[in-house]
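Colleague: First the structure, then my questions, so here it is.
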Amino acid sequence: MADYDYDVLVIGAGPGGYVAAIRAAQLGLKTACAEGRETLGGTCLNVGCIPSKAMLHASEYFEAAAGGAMAAMGIKVKPELDLGTMHGQRKDAVKGLTGGIEFLFKKNKVDWLKGYAQFTSKDSVEVAGKTYRAKNIIIATGSSVTPLPGVEVDNDKQVIVDSTGALELAKVPGHMVVIGGGVIGLELGSVWRRLGAKVTCVEYLDQILPGMDGDVRKEANKIFKKQGIEFKLKTKVTGATVKGKKAVLTLEPAAGGDAETLEADVVLVSIGRKPNTDGLALDKAGLAVNQRGQIETDHDFSTQVPGIWAIGDVIPGPMLAHKAEDEGIACAENIAGQTGIVNHDVIPSVVYTWPEIAGVGLTEEQAKEKGEVKVGKFPMLANSRAKTNHEPDGFVKVIADAKTDRVLGVWCIASVAGTMIAQAAQAMEFGATSEDIAYTCHAHPTHSEAIKEAAMAVTGKPIHI
Ligand code: FAD
Ligand code: NAI
């Protein structure tokens, strides 16, 4: 240790990095975390999961009041939008949580090295003009917005924005065009639609939400259309010009054909995210990135250079905060000589729209490629709690191996799908069969009963349909 400043130096204080740093310190390792942002918590706490959920939650209330859902339950109100206060509560949520990480760093004696780090050798980095040697270095630099050539983002002007800009719009746009029908486009498109914007979503593929189960993608499309989002599928944006406070986009069919133009007050570019490795001077550490710009690791999160590890959005796999956190814990445990494992087959994903969309494990399409499957489906319309709460949209789908009955995937569209999916993930982690879920007693009346009934439907025996 004498030669080293730290046992573990983490680069990046997002959910991957800050969790890895805290766990390493808990395990008795002398730990530092370099972060260039002014606050800890990374994309997730500063400009991602947390502020987007603050706006989703608030706008959901507004729509319930403005759109008649509350009136249908006998609560008649005429809401007035105070966007300043809505943004204020978003900022408060971010401030509280990022400050909380700073407190946890102090509590666990993790040194925050303020500044952007770059490698100076295999076991040293420079931060704000000082060089630190560390026995282990964890790269947790996360990801940033993928740019779209010809559609230049300028968040300050609030005309063509990325997700960070879309969280902070000073007024509700008349017409918002979302480029990309993925998670960000649908979540932030929903926020502004609920607050009064007309939203058009331009998606390159023939369906929204790539990577999700086929039935879920179709049903989600139907629900969002019903809510008023207009979709232009199989369409690409080839350019944009900003004229004063408006943007004019040029669109073309994805397969080629005649171009058309589309005018917007705000354009949200949300076509994916790319790993952050620029500026790290990876070559000085002897590291290279793969074709997708990611740092490859072994299952224990070690890279090809001994002593250098990587986790979170910067390595392959879904770009999700909880995946990054679990990798952070496992990586720190591996550095400490324990056996830290992440089961990448069971990482839930949730889209926090209304209703929520959640899944874990294989899609039906993926499962069928691997062998014979049995599928059970149960509509939320037949779930007593959802029906009572006026939440008829959606379903639960359980996909099981035809021979062993082992659950391979679970997909839900339901108001609280994000909460419901946790039990499916836990069941799959324990190797459950659909019968195990079907014979587990679920409290009544809960949305989760729909998971039990979908599991019962795998063998053809649901009660309520
Ligand atoms: P990040 O959170 O990106 O953190 C990396 C940190 O490293 C950053 O703070 C960066 O400043 C710092 N850094 C980079 N380079 C250096 C350097 N050289 N030196 C020092 N510091 C450096 N995921 C979910 O699971 N649920 C959600 O609801 C969700 N919502 C999202 C909403 C939006 C709008 C966005 C954009 C993302 C959302 N995500 C969500 C994704 C989630 O934010 C990421 O998967 C997660 O933050 C990845 O964590 P990470 O630690 O790998 O990286
Ligand atoms: P995404 O990968 O989810 O969706 C991007 C969409 O854009 C895809 O449907 C893709 O086909 C489409 N697209 C790509 N190029 C296009 C083009 N030129 N024209 C039109 N469409 C095009 O990416 P998104 O929404 O930007 O989110 C990035 C990441 O952030 C996701 O990987 C997700 O994991 C994470 N995230 C997670 C959230 C959650 O867990 N609730 C919320 C928000 C983001």
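Note that Cβ sites are derived from N, Cα and C of the backbone, with glycine treated the same way.
According to TrEMBL, the record shows the following:
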- 6-328: domain 'FAD/NAD(P)-binding' (DOMAIN)
- Cys44-Cys49: disulfide bond (DISULFID)
- Lys53, Thr141, Gly142, Ser143, Asp313, Met319, Leu320, Ala321, His322: FAD binding site (BINDING)
- Gly180, Gly181, Gly182, Val183, Ile184, Gly185, Leu186, Glu187, Glu203, Gly272: NAD(+) binding site (BINDING)
- 347-455: domain 'Pyridine nucleotide-disulphide oxidoreductase dimerisation' (DOMAIN)
- His444: active site, proton acceptor (ACT_SITE)
Colleague: What's the number of neighbouring CB atoms sitting within 10 A of the CB on Asp313 (FAD binding site)?
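Modeller: Around Asp313 (FAD binding site), other Cβ atoms within 10 Å: 29.
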Colleague: Round to a whole number and give the Cα-to-Cα distance in Å for the pair Lys53 (FAD binding site) and Gly182 (NAD(+) binding site).
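Modeller: One finds 16 Å between the Cα atoms of these residues.
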Colleague: Are any of the recorded positions Cys44, Lys53, Ile184, Leu186, Asp313, His322 near ligand 2, with a Cβ under 6 Å from it, and if so which?
Modeller: Ile184
Colleague: If you count Cβ atoms within 10 Å of each one, which of the binding-site residues Ile184, Leu186 comes out on top?
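Modeller: Counting every other Cβ within 10 Å of each candidate, the maximum falls on Leu186.
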Colleague: Based on Cα distances to Cys49 (disulfide bond), point out the closest of the binding-site residues Gly142, Gly180, Ile184, Leu186.
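Modeller: Result for Cys49 (disulfide bond): the nearest of the binding-site residues is Ile184.
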Colleague: Please name the residue among the recorded positions Cys44, Cys49, Leu320 whose C-beta has the most neighbouring C-beta atoms within 10 angstroms.
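Modeller: Of the recorded positions Cys44, Cys49, Leu320, the most buried by Cβ count within 10 Å is Cys44.
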Colleague: Reported as an integer number of Å, what is the Cα distance between Glu203 (NAD(+) binding site) and Cys44 (disulfide bond)?
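Modeller: Their Cα atoms are separated by 24 Å.
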Colleague: Does DSSP put the residue listed as 'active site, proton acceptor' in a helix, in a strand, or in coil?
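Modeller: The residue in question, the residue listed as 'active site, proton acceptor', is coil (DSSP, three-state).
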Colleague: So, in DSSP terms, is Glu203 (NAD(+) binding site) helix, strand, or coil?
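Modeller: The three-state answer is coil.
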Colleague: Helix, strand, coil residue numbers for the domain 'Pyridine nucleotide-disulphide oxidoreductase dimerisation' (347-455) per DSSP?
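Modeller: For the domain 'Pyridine nucleotide-disulphide oxidoreductase dimerisation' (347-455), the helix, strand and coil counts are 40 helix, 33 strand, 36 coil.
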Colleague: So what sits near Gly180 (NAD(+) binding site) in its own chain, CB-to-CB under 8 Å and at least six residues off in sequence?
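Modeller: Set apart from Gly180 (NAD(+) binding site) by at least 6 residues yet with Cβ under 8 Å, we have Cys201, Val202, Glu203, Tyr204, Val269, Ser270, Ile271, Gly272.
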Colleague: Which of these recorded positions is closest to Leu320 (FAD binding site) if you go by CA atoms: Cys44, Gly182, Ile184, His444?
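Modeller: Closest candidate to Leu320 (FAD binding site), judged by Cα separation, is Cys44.
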Colleague: Taking the recorded positions Cys49, Gly142, Glu203, Leu320, His322, which residues show a Cβ-atom distance to ligand 1 below 6 Å?
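Modeller: Cβ < 6 Å from ligand 1, in sequence order: Cys49, Gly142, Leu320, His322.
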Colleague: Return the residues near His322 (FAD binding site) by Cβ distance under 8 Å, restricted to its own chain and a separation of at least 6 in sequence.
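Modeller: Once residues fewer than 6 apart are set aside, His322 (FAD binding site) is near Pro15, Ile347, Pro348.
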Colleague: Could you check which of the recorded positions (Cys44, Gly142, Asp313, His444) sits closest to Ile184 (NAD(+) binding site), going Cα to Cα?
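Modeller: Checking each of Cys44, Gly142, Asp313, His444 against Ile184 (NAD(+) binding site), the shortest Cα distance is to Cys44.
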